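Summarising the annotation, Swiss-Prot assigns Zn(2+) binding site to Cys15, Cys18, Cys37, Cys40. Annotation source Swiss-Prot lists ATP binding site at Pro119, Thr120, Gly121, Ser122, Gly123, Lys124, Thr125, Phe126. Summarising the annotation, Swiss-Prot assigns domain 'ClpX-type ZB' to 3-56.
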Amino acid sequence: MTDQSKGDGDKPLYCTFCGKSQHEVKKLIAGPSVFICDECVELCNDILKEEIHQLSPVPDQDELPVPKAIRKHLDDYVIGQDRAKKVLSVAVYNHYKRLRGSAKQEVELGKSNILLIGPTGSGKTFLAETLARYLDVPFTMADATTLTEAGYVGEDVENIIQKLLQKCDYDVEKAERGIVYIDEIDKISRKSDNPSITRDVSGEGVQQALLKLIEGTVASVPPQGGRKHPQQEFLQVDTSKILFICGGAFAGLNKVIEQRLSTGTGIGFGAEVKSKTQSEEGAIIAKVEPEDLVRYGLIPEFIGRLPVVATLDELDEEALIEILREPKNALTKQYSALFEMEDVELEFREDALRAIAKKAMARKTGARGLRSIVEGVLLGTMYELPSIEGVAKVVVDESVIAGESDPILIYANQQKNKQASGE
């Protein structure tokens, strides 16, 4: 087809579909004995887009992975946290099953938003990201500490939906099938059990602002970002279809739970004194009840909007070593792939992996701190390696992690000599 701007001689050309002349439209495209204008092309595009959305607003029943399949995928990327993975798999499956059946069901199904409780670096954010990637739905993260009530300086809670829309090019239907992860949710807890008479811009007030968004409302979002103003056209997003996952470390929550559990167990010389070895912190956190979260500082209405609670354990040394080498995207595999691009083999010895895990434990950063340790150890080598010829292998051992030596470089001729000598 060709772009026609003029007819033969002075005779004007007309769009075969709408009848407009070439002078009334921007472009007129010619085919064999027919013409179509740019306006009709745009209209056809809109019709096709609408048709596609109607055909597949939510994946078919066969396409929605069952809880066991979701759990299996999480196992490929996340080490440990078995109960949390089970809880998440069921909650996510039920959420998308609810979206599919909402029109057919006589009984209205409630939302199953999720609260993840676990120490820093235990995998809360990574679990949410992995789920969204597996389900192929839009995903965005927000930091609860940056949120404020409407009218105050800071981020409105509706900015969360704005970010989700940005992730899917402002496709409202796609956004309504998305997952939102709100981190540091424990940081907006009320500082005491008694409601404050002063305004709490980033605490209880934000909880109140998040209530409707998480439960389900039609949020009016400006498409171009920024604060709302009357001249803007708003996009209407139904948040009842969006899955919200909130996460936080909840430091000190174990003491609140212990206090509840110890009530009525007796005091004085005959009372049993529980040591830390008898009741580990992870086991205590797993016994969390809504009343504990209220005492911690979350308002009851907000807790009610997060009916599914999953607790994550603090990662021990063995778990960190597994994280370094077992998952599909394990750090050692990632760095090995980088070195392979230079035709160099990278080897982490067992004592090196243990030393990295111990370092992360000492820093109390969990899995989150592993990458910075490995990056720091390999930085010098990655800087020099592209300029050095003949390197076949790089070996990292315990002394390298301790900073006592540099990674060992083995050259191609050294390897040949070793192989020839039978070593």
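Positions of Cβ are set from backbone N, Cα and C atoms, glycine also.
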Which of Cys15, Cys40 has the fewest nearby Cβ atoms, counting only those within 10 Å, among these binding-site residues?
Cys40
Identify, among the binding-site residues Cys18, Cys37, the residue whose Cβ has the fewest other Cβ atoms within 10 Å in this structure.
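Counting other Cβ atoms within 10 Å of each of the binding-site residues Cys18, Cys37 gives the minimum at Cys18.
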Whole-number Å distance between the CA of Ser122 (ATP binding site) and the CA of Cys40 (Zn(2+) binding site)?
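Answer for this pair: 54 Å between alpha carbons.
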At the level of the C-alpha atoms, what whole-angstrom distance separates Gly123 (ATP binding site) and Cys40 (Zn(2+) binding site)?
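Per the Cα atoms, Gly123 (ATP binding site) and Cys40 (Zn(2+) binding site) stand 50 Å apart.
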Taking the centroid of the Cβ atoms of Pro119, Thr120, Gly121, Ser122, Gly123, Lys124, Thr125, Phe126 as the ATP site, which other residues of that chain lie with their Cβ within 8 Å of it, listed in sequence order?
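Nearby residues not in the site list: Gly118, Gly247, Leu312, Gly366, Ala367, Arg368.
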Around the recorded Zn(2+) site, report the further residues of that chain (criterion: Cβ within 8 Å of the mean position of the Cβ atoms of Cys15, Cys18, Cys37, Cys40; site residues excluded), sequence-ordered.
Thr16, Phe17, Gly19, Lys20, Val25, Leu28, Phe35, Ile36, Asp38, Glu39, Val41
Nearest to Cys37 (Zn(2+) binding site) by Cα distance: which of the binding-site residues Pro119, Thr120, Lys124, Phe126 is it?
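Closest recorded candidate to Cys37 (Zn(2+) binding site) by Cα: Phe126.
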List only the single closest residue to Gly121 (ATP binding site), chosen from the binding-site residues Cys15, Cys18, Cys40 by CA-CA distance.
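For Gly121 (ATP binding site), the closest Cα among Cys15, Cys18, Cys40 is found at Cys40.
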Once near-sequence residues are set aside, which residues in the chain of Lys124 (ATP binding site), 6 or more away, have Cβ atoms under 8 Å from its Cβ?
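Sequence-distant Cβ neighbours: Leu116, Gly118, Asp183, Gly247, Gly248, Leu312.
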Would you mind checking how many other C-beta atoms are within 10 angstroms of the C-beta on Gly123 (ATP binding site)?
29
Taking the Cβ of Gly121 (ATP binding site) as the centre, how many other Cβ atoms fall within a 10 Å radius?
23
Distance between Phe126 (ATP binding site) and Cys40 (Zn(2+) binding site) at the Cα atoms, whole Å?
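Their Cα atoms are separated by 45 Å.
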Based on Cα distances to Thr120 (ATP binding site), point out the closest of the binding-site residues Cys15, Cys18, Cys40.
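Closest by Cα distance to Thr120 (ATP binding site) among the binding-site residues Cys15, Cys18, Cys40: Cys40.
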Which of the binding-site residues listed here (Cys15, Cys18, Cys40) have a Cα atom within 10 Å of the Cα of Pro119 (ATP binding site)?
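So the list reads none.
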Under DSSP, is Cys37 (Zn(2+) binding site) helix, strand or coil?
strand
